[in-house]
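This report concerns only the one structure given below.
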């Protein structure tokens, strides 16, 4: 078992990473302030892991709240179901919420914790690779709006993040690939040697080789913890964690939440960010192609939806959270391992990026 720390002063918390942590009270008891706990999960994860988690919560009064599964349910009506359950069972301010599931559950449970009686404790127990390496760490919580992804929410830090790598054994291959989009992101934005490591270990990652998976999670969480510790509320460097996300969120919104998995949209969006960085002269063609090949090896789509026009992208990107004073800012790369956030680019470069034939670009790279 490995422990990392997110250093935020009085809001600091540990990240526990290991196998078979879910049923062990040692990782939960120090972070539960009262006797009452509400476990927020979904219809897919609860049958697999709720019973095991309950073993770690013996001695506490537990309210399970099982929600429908999927990005399409990350909205007000589903959030209301959490509040309904908490109020019906008369949970008070000493209640601890535990998010047992992927990114959707973690985001909604965290937002519910931020809002319920103006703030109660919560613990993240992420069960997908994407949530383990990204969304469970850093305190971003919230829900989607029909006009934009994650536009309603709060920064609210958990008491702890408990990552049980055994939960990945039941993860569908499509979800595993989606999570790898966020793992690869860390190499692209701040850790070029990690890119080489991922190239060397991608087959082992896809095969869920335990020591390799644990190292990938630890390196990803360590990178996320460093960035969050330096910029909790995304006023500066934390925005670099959104590489590929502005393009990706546009894909998710246009296609309908849940049609493309978040990581899939980020994968295609990252290809677009690589292409734009190349067009600006910041990435060589070889660097761009290296990035695309790695994303493709991870099983990710490297071509955005063919039916999406440049105008479709611009419509959705106009409501991105990184827009300031009406100016779109993007996360781009000035070399692999060096991300920048900038709104200082020629409009025609963005337009050309949105109109690029990504199918032809992918075909040009050939098969692995």
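Start at 1 and count along the chain as shown; that gives each residue its number.
Positions of Cβ are set from backbone N, Cα and C atoms, glycine also.
Under the DSSP three-state reduction, residue 149 (NAD(+) binding site) is assigned to strand. According to Swiss-Prot, the NAD(+) binding site annotation covers 69-74, 103-107, 127-128, 140, 149, on the basis of sequence analysis.
The Zn(2+) binding site annotation in Swiss-Prot covers 182, 245, 262, and the record cites sequence analysis as its basis. The number of other Cβ atoms within 10 Å of the Cβ belonging to residue 245 (Zn(2+) binding site), over all protein chains shown, comes to 26.
When the C-alpha distances from residue 71 (NAD(+) binding site) to the binding-site residues 182, 245, 262 are tabulated, the minimum falls on 262. Sequence-distant contacts of residue 103 (NAD(+) binding site), defined by Cβ-Cβ distance under 8 angstroms and a gap of at least six in the same chain, are 126, 128, 130, 131, 134, 135, 136, 262.
Of all the binding-site residues listed here (69, 105, 107, 128, 182), the one with the fewest other CB atoms within 10 A of its own CB is 69.
Annotation for residue 149 (NAD(+) binding site): spatial neighbours 249, 252, 253, 257, criterion Cβ-Cβ under 8 Å with sequence separation of six or more.
The two recorded residues, residue 107 (NAD(+) binding site) and residue 245 (Zn(2+) binding site), have Cα atoms 16 Å apart. Within 8 Å of the Cβ centroid of the Zn(2+) site, not counting the listed residues 182, 245, 262, the chain contributes 130, 134, 181, 185, 244, 248, 263, 265, 266. Sequence-distant contacts of residue 73 (NAD(+) binding site), defined as residues of its own chain at least six apart whose C-beta falls under 8 angstroms from its C-beta, comprise 67, 104.
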